[in-house]
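According to TrEMBL:
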SIGNAL    1-19  signal peptide
DOMAIN    76-378  domain 'Peptidase A1'
DISULFID  107-112  disulfide bond
Ligand SMILES: *[C@@H]1O[C@H](CO)[C@@H](O)[C@H](O)[C@H]1NC(C)=O
């Protein structure tokens, strides 16, 4: 996605603008900002090496004394009301994908089974756009379906003709993405303006920003149109986007115990990834600096449980510290001296993904008021 040329995307956007209504009617309850809770979903499964290879997975100790380690996927979902009459869906907050989507009752893929489905004919305000939609999510996760518009609302903000997809097929890897679908937040794709972009365009939010509080434990919070000051201490430190069509910023260096590791990467900020992913070269360079670090699976590494990893990521000259608790995910097996690390390989060459292991330490503000757009980080209160 990141390698697609700007010219191509611009052409694509121009072509598609004709086919879609640009303006969405937005109804605001008051002036905002609007804060809504985000449910923190932790999905535990038995740990196998195969599962350990997947992006965005995380490990935790199982309560049972000597059972195998359990794997935990972290995801934050927001409750969204759709259609007339309105029905509630828990959608995964996603800062990378362009499409908001739900699951069709006709979807028979394994990844669709057992999920809440959206039947557009049950809503009097639903409109079929007679367009196909395709969604990609990480490696091998592809979904197909049709585009619709309908009223999509969170408390305080209602978009009358929000574009979204209804998936009629999803490949297996989507099984790991729990929730009733995805709320893209926001896209940089003019073809399907995201919920946030429509809310920004309505022009009544105090600021064209959305902010996320995604703690290590407990529920989070989304604030649309501003920040919740009581969630963070001190000032926000801003990093400008290094690429205009994604929440992508430049990692200028990664440090360990104050020592520069000389790692430079382009990083996307991803709310659907549990880990911090680096490219293979950077991962190797990083673990060379930790005594006793070992390769565990194709992507996962372990560090000695007694070690004190103390990483920092430098962006815009500012060092963002990652506490040990976000790196050490607990022993590989009960009683083992090797602990699973939250920093994995698996990002494309030259790239990184800052997932929840990073974001859980900061209040994060996605700011579209400036050019280039920027992301602000502040220490949690
Ligand atoms: C802001 O965060 C505090 C907790 O720090 C919470 O109690 C409050 O409800 C939040 N404000 C809004 C407007 O949601």
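For all residues, glycine too, the Cβ spot is worked out from N, Cα and C.
Keep in mind that TrEMBL annotations are predicted by a computer and have not been checked by a curator.
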The correct three-state DSSP answer for residue 107 (disulfide bond) is coil
Can you check how the pLDDT averages out over the domain 'Peptidase A1' (76-378)? 93
What DSSP gives for residue 112 (disulfide bond), in three states, is helix
